[in-house]
Amino acid sequence: MVSGSVQQSPFVSDFLQKCGGYAVVDGGFATELERHGADLNDPLWSAKCLVTSPHLVRRVHLDYIDAGANIILTASYQATIQGFEAKGYSTEEAEGLLRRSVEIACEARDIYYDRCTKDSCDFIDNGSTSRRPLLVAASVGSYGAYLADGSEYSGNYGDAVSLRTLKDFHRRRVQILANSGADLIAFETIPNKLEAKAYAELLEEEEIHIPAWFSFNSKDGINVVSGDSILECASIADSCKQVVAVGINCTAPRFIHGLILSVRKVTNKPVIIYPNSGETYDANRKEWVQSSGVRDEDFVSYIGKWRDAGASLFGGCCRTTPNTIRAISRVLSNKSSQSLN
């Protein structure tokens with residue numbers, strides 16, 4: 001463990017304590033939208049549903065809450081002002097859709113809590129009735145996600161994309177999401193050190209008041225997908241005071257254990273992990289293809305090992321389902337019960 005790291009945020013430590021020492025993040029979003037009938041063959045991907053099918057977005061959020069998630073991520077991963085404008089929307093409409101992504105997630109949380117009140121489905125904690133803690137995380141996808149060419153899985157943006165380019169691209173979007181009513185911002189699938197630095201500088205420059213997490217993706221278990229060192233990338237996150245958790249997402253389960261150990265070398269902040277199903281994204285075919293990785297129904301068996309390695313927030317990414325999240329919640333609940341006995 002690194003010494004001299006930034007102290008753990010009371011926001012996260014208090015939240016984790018309320019959750020029983022760990023927290024459950026939701027799972028794959030786009031595939032669930034498709035399962036409910038959405039057509040996502042569009043550069044906007046899941047963000048398209050903010051326009052065409054907001055009721056499906058709300059439905060998927062509720063499915064994950066019902067499965068045991070403590071944190072739900074908004075449908076804004078692919079939602080960018082530039083992307084909406086390219087589809088003919090005005091800047092005002094684009095900004096409104098970003099805010100709407102958070103509103104829908106908050107609506108789902110309210111529906112769940114209203115249902116709990118009516119159905120008395122709250123759980124008993126220390127002899128008193130308590131509601132399961134639920135946070136809304138505003139998702140920010142990488143610049144590569146906006147390009148819709150699979151480059152968030154390579155991190156190769158070319159020499160023309162500078163630190164300033166990335167900050168200018170993300171600035172207004174981050175400003176809007178920070179003031180949208182979300183509890184935190186989730187910077188997801190960060191593919192290279194440059195973008196991590198851009199996010200960290202933006203958070204400082206804009207004096208963003210809500211917490212954030214940084215999660216990187218890897219295809220070798222040692223570096224992020226661009227080839228930059230996971231140690232260097234996680235160190236950037238550690239040095240940013242607004243970042244309250246650091247981790248890995250959209251990465252094959254077989255690499256997660258080693259990556260947790262690497263992240264723990266450079267930060268004392270909570271580690272978040274939400275791997276994909278173990279398949280590989282083919283950017284040319286724009287689909288997930290089978291690889292030698294572990295399928296989503298199998299990686300749940302590693303949750304205990306990942307927790308022992310130092311992770312404290314767990315969920316799933318692409319191709320995982322509410323069933324995956326339900327299984328993760330069950331494993332962690334059982335482990336927590338055993339530790340109390």
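Backbone N, Cα and C define each Cβ position, glycine as well.
Not measured: the values here are computed from a predicted model.
Taken from TrEMBL, the feature Zn(2+) binding site covers CYS250, CYS317, CYS318. What TrEMBL lists as domain 'Hcy-binding' is 11-332.
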Using other CB atoms within 10 angstroms as the count, which residue among the binding-site residues CYS250, CYS317, CYS318 scores least? CYS318
Model confidence over the domain 'Hcy-binding' (11-332), as mean pLDDT, sits at 91
Centre the Cβ atoms of CYS250, CYS317, CYS318, go out 8 Å, and tell me which other residues of that chain have a Cβ in range of the Zn(2+) site. GLY28, THR189, ASN217, ASN249, THR251, TYR274, PRO275, ASN276, SER277, GLY316, ARG319, THR320
